[in-house]
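Student: Attaching a single structure in structure tokens format; questions to follow.
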Amino acid sequence: MIVGLSNPKKEYHSTRHNVGSWYLYSLAESYLRNFKNEKKFFGFTTSLNIESNYIRLLIPNIFMNINGQSVFKMASFYNINLSEILIVHDDLELQPGISKLKYSYGHNGHNGLRDIVNTFNKNINFYRFRIGIGRPINRDQIASFVLSNPTKKEKILIQKSILHAIEKNVLSNILKF
């Protein structure tokens with residue numbers, strides 16, 4: 001299962017905080033798949049077959065700080081453990097254009113990840129695909145920064161890193177689980 005973290009509502013679609021959903025939309029498009037609204041999972045879903053692996057995709061359609069409900073509902077329904085889920089999210093510690101795959105426990109201060117960890121109530125490692133968005137100079141500006149659109153240059157760099165990850169099939173590194 002792959003989850004692209006985001007906030008709902010049209011006003012947030014182009015924000016830095018929604019790059020997780022940017023990745024999933026691009027991934028689904030590369031496999032000619034469309035998302036459908038699944039109310040029972042509080043999100044948009046589709047599925048792919050990658051290297052003979054059937055993979056479910058989820059973009060929660062609820063706010064970032066409560067998206068654990070959506071992830072937990074779908075994971076429980078399909079009997080998927082947190083350790084078998086790849087969470088795709090924005091990362092303040094990486095510059096735009098940089099993305100990294102990580103397998104670890106924790107949320108590093110990311111509210112979406114925090115809610116997922118708290119909802120599953122488990123201290124276990126899980127896969128994260130971190131997409132760099134950069135960081136504002138002032139710590140007090142983090143909320144407004146992640147909820148704002150990237151500059152044109154940053155958006156190009158972010159989109160290139162997403163397309164590069166899809167073309168290089170970074171998922172093949174974790175499909176063994």
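For all residues, glycine too, the Cβ spot is worked out from N, Cα and C.
Okay, so Swiss-Prot annotates it like this:
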ACT_SITE  H17  active site, proton acceptor
BINDING   Y12, F63, N65, N111  tRNA binding site
SITE      N7  site 'Discriminates between blocked and unblocked aminoacyl-tRNA'
SITE      D90  site 'Stabilizes the basic form of H active site to accept a proton'
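How buried are the listed features, and what sits near them?
Tutor: Within the same chain, residues at least six positions away from H17 (active site, proton acceptor) with a Cβ under 8 Å of its Cβ are L5, S6, N7, M64, D90, V146, L147.
When Cβ atoms from all protein chains are considered, those within 10 Å of Y12 (tRNA binding site) total 19, not counting its own.
Neighbour count (other Cβ atoms within 10 Å of the Cβ, all protein chains): 21 for N7 (site 'Discriminates between blocked and unblocked aminoacyl-tRNA').
Around D90 (site 'Stabilizes the basic form of H active site to accept a proton'), a 10 Å sphere centred on its CB holds 26 further CB atoms from the protein chains shown.
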Student: Under 8 Å between C-beta atoms and at least six apart in sequence, can you list the same-chain neighbours of N65 (tRNA binding site), or say none if there are none?
Tutor: N111, G112, R114, D115
Student: How many Å separate the two farthest-apart Cα atoms among the tRNA-binding residues Y12, F63, N65, N111?
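Tutor: About 16 Å separates the two most distant Cα atoms.
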Student: Within 10 angstroms of the C-beta of F63 (tRNA binding site), what count of other C-beta atoms is obtained when all protein chains are considered?
Tutor: 15
Student: Where does N7 (site 'Discriminates between blocked and unblocked aminoacyl-tRNA') sit in DSSP terms: helix, strand, or coil?
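Tutor: In the DSSP reduction, N7 (site 'Discriminates between blocked and unblocked aminoacyl-tRNA') maps to coil.
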Student: Look up N65 (tRNA binding site) in the DSSP assignment and report helix, strand or coil.
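Tutor: Once the DSSP labels are grouped into three classes, N65 (tRNA binding site) ends up as helix.
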